[in-house]
Amino acid sequence: MIGALARRLFGSPNDRRIKAYQPRVDAINALEPELVALSDEALRGRTAEFRQQLADGKTLDDILVPAFATVREAAKRTLGQRHFDVQLIGGMVLHEGDIAEMKTGEGKTLVATLAVYLNALAGKGVHVVTVNDYLARRDSAWMGEIYGFLGMTTGVIVHGLDDQQRQAAYACDITYGTNNEYGFDYLRDNMKYRLEDMVQRGHYYAIVDEVDSILIDEARTPLIISGPLDDRSEFYNTIDTFMPSLDKATDYEVDEKQRTVTLTEAGMEHIEVLLRDAGQLKGDSLYDVENVSVVHHVNQALRAHSLFQRDKDYIVRDDEVVIIDEFTGRMMPGRRYSEGLHQALEAKEHVQVQPENQTLASITFQNYFRMYEKLSGMTGTALTEADELFDIYKLEVVEIPTNVQIARLDEDDEVYRTQSEKYAAILAEVERANSRLQPVLVGTASIEKSEVLGEYLKKHGYKQIDFTDPKGMEKLYAAARAGKPAKLFAVLNARFHEQEAYIVAEAGVPGAITIATNMAGRGTDIKLGGSLEMRIQHETVGITDEAEKAAKIELIKADIERFREIVLKAEEVVEVEPAKGNKPAKTLTRPGGLYIMGSERHESRRIDNQLRGRSGRQGDPGRSKFFLSLEDDLMRIFGSDRLDTMLTRLGLKEGEAIIHPWINKALEKAQQKVEARNFDIRKNLLKFDNVQNDQRKEIFDHRISLMKDDSVAETVAGMRHDFIDDIVAKHVPEHAYAEQWDVAGLKEELERVLGLDLPVDEWAKEEGIADEELLTRIEQRVDEHMAAKVGQWGPEVMRYAEKSILLQTLDHLWREHLVMLDHLRNVIGLRGYGQRDPLQEYKSEAFALFEAMITHLREAVTAQLMRVEIVPPEQPQELPPMEGHKFNADTGEDDMAFANVSLAPADNADKTARNPNDPSTWGKVGRNEDCPCGSGKKYKHCHGRYA
């Protein structure tokens, strides 16, 4: 109560912050007449002036006012668009490294140009992040006109570019691209072997469009670059055949709220019998140690069948299982579930089972975007997640006032008993709206629901068309011109991802009915009457005569203006009180414009708000209403029992709905609970991922420093000496008498690992020899051996071999380490049953694994360099330069190391040249020979185990 009074007296913190920007807005406006008078050349020249001012010691804040004024004038001259005052405020929020919440249609794309231009003046590169390739291309070309006019370069990063094209795009002043492309480029860069092959040039400043979608909705999904493991498709198909025979009532239990499934005791026995009959069970029990991986795959198959639904969680396209983003309804080609779940889904759908992958590199969006020196974002809906955005990213959400007041009517939800009653109500409402040519957008939570609704409309006389088909659209236009409903609808979901921009753009045509999966981050405005740009683009194709083209454009403009008037007048007048005597009937007028109908509530209020926000742009009228049933997922899982009881008490008949603000509040509370739970999950995942992230930064930083060094000889020598110290310390304990030394063990290990037969036993017999002296002699002999190699090969070749072996070995061990961390993370939760904190246990064990990896690195690098020999080619030729190599971005394999240089163990010089990192070059290896990988182990105990 006191807080509400204070807000009325002093304004909210958001109001006060907006007010604080006003003096700078006034200053920008005051500069406008001066800039209007400048020539194009003079306006363009201001970029060089600003850069000089920065070089002279001024800060970006010092030049914000003139820089923003310059961008506004450039936008007027290139795009014919002038930034509103509220857009200037949005630009300031972005520059300060916070989130600007701006309603749909308020021009977020144009707002970004202010902060982008100002920060690009620093010359460090600005990254603008979009949710798909279409928007990246569109915005870079569209806003690039402003930047190009002001003398700045713009690049775009989309799927399918090669490294050279990516380098050129990142070298630009401003780079547009998707969150996925930025993240994958970072991972690929840290798998390369030379600095000049890396494409990114740092992480200075990023503006994330649809920031809530990327930093919250996708935060749980890591970006992973992986390589294939052995093919086990038959095993997955065998396990899948067991699933139909399991009984949900007795064999397993499903918890939809927690999205878990567990086998019952009876289910375990049933599976044991099936596995034994199929010859897949080792030992007597399903839970014997040797069956751990079998249990894991059974559980994944069970999850695939009971928790994952086709056309909701994934679709099958071109014989592949493609994941669907649960929040946006978008397909995510290239993304695969890990831990064998994707293979289980492929077996379930009877498509080709792809081999499991080994993680080569991974990072979450949370950790990727936190690398930027400054991060900001834009969205239409972030206030509901403001706490999370600040807690994790230290980003404050600032609500930017609309340029024109929102005129949309948001009506209370209608709640029905069953899905069929709900669909009947939606159909009736669609028919009423269509009869007055009011465009309708029906939002659904999944592809499955959108297609069910589409079939429902077809049964009742509606025809599905493709909004990208000129013939179909002409029918819709003709009906609108005639003032008649066409009864035509289009479906927008992940299946039609490629046409989504055009379908959305035409959803504002009179009489248009669009069924769409979640509209989060679609990025295309729905303009009443239709999209001028889209129609010009499609209807002027093939017209070469300029006069004819201009005439056609004028016709399209007139058409759209007429359509806009029709949509604005599509109001619904409802009689709320009949006429009595001389007293006229009392009516209620509901606005025209775009009518948003939600077919169910999403778990997140933000997604619902995004759907509502498609209507009412720039002060246009509009309506929104949600139609729900007790059979909807949210209602069913999170407390429909109380509502069902309430509806029963009210005596609700079939087909009747309950409409009350209390229902809305109850639903909002349910959504808040789900949001809080999801926030806790993301926060907990981040704590675990931070452990791996710290190690990742350490490894990647070390890798880059190694690539920067011309020679890693000092590093390699240090690793060699540390490794020898460890061996000697193991066999010659400190302060022990010579009689207590394990001389035989020391000699054997030195010979096994280093390939040197040193007279350690003779040295140990010398009178008065100390352990330090023994260590020094061993190090001297080993150093002499390496010096001889330098003399034999030459310093250039030695530098090349050392760096190649060090980087490749580091990469190999890091990949194995990631697998170990994944396994550790999967089981560490069980420590909670022993009253231990799983996070602390994970930190402790992950650190121990990291230390073991570093120790192994020292051993492996030392062993390989001690044993490797260069076999001269048959014909003399110059050593190839280091730049000649090919990088496989999919697997992370790089053939740069050892390119054109044959390497083989010294004691096998007469055999085929062997590359320690490429088993295909080893040929036949005897079981008791040393493993060619250089580990120092016998082949049968090393790679021979997998042969």
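A Cβ is built for glycine as well, from the same backbone N, Cα and C atoms used for every other residue.
What Swiss-Prot records for the ATP site is Gly105, Glu106, Gly107, Lys108, Thr109, Asp525, and among Gln87, Gln537 the residue it adds there is Gln87. Across the residues annotated as binding ATP (Gln87, Gly105, Glu106, Gly107, Lys108, Thr109, Asp525), the widest Cα-Cα separation comes to 17 Å. Listed binding-site residues: Gly105, Gly107. The one with the lowest count of other Cβ atoms within 10 Å of its Cβ is Gly107. Sitting within 8 Å of the Cβ centre of Gln87, Gly105, Glu106, Gly107, Lys108, Thr109, Asp525, and not among those site residues for ATP, are the Cβ atoms of Met102, Thr104, Leu110, Val111. In the three-state DSSP assignment, the secondary structure recorded for Thr109 (ATP binding site) is helix. When the alpha carbons of Gly107 (ATP binding site) and Cys931 (Zn(2+) binding site) are compared, the span between them is 63 angstrom. The binding-site residues listed here (Gln87, Gly105, Lys108, Thr109, Asp525) include no residue with a Cα within 10 A of the Cα of Cys931 (Zn(2+) binding site). Neighbours of Cys931 (Zn(2+) binding site), defined as other CB atoms within 10 A of its CB across all chains, total 22. Of all Cβ atoms in the protein chains displayed, 27 besides its own lie within 10 Å of the Cβ of Gln87 (ATP binding site).
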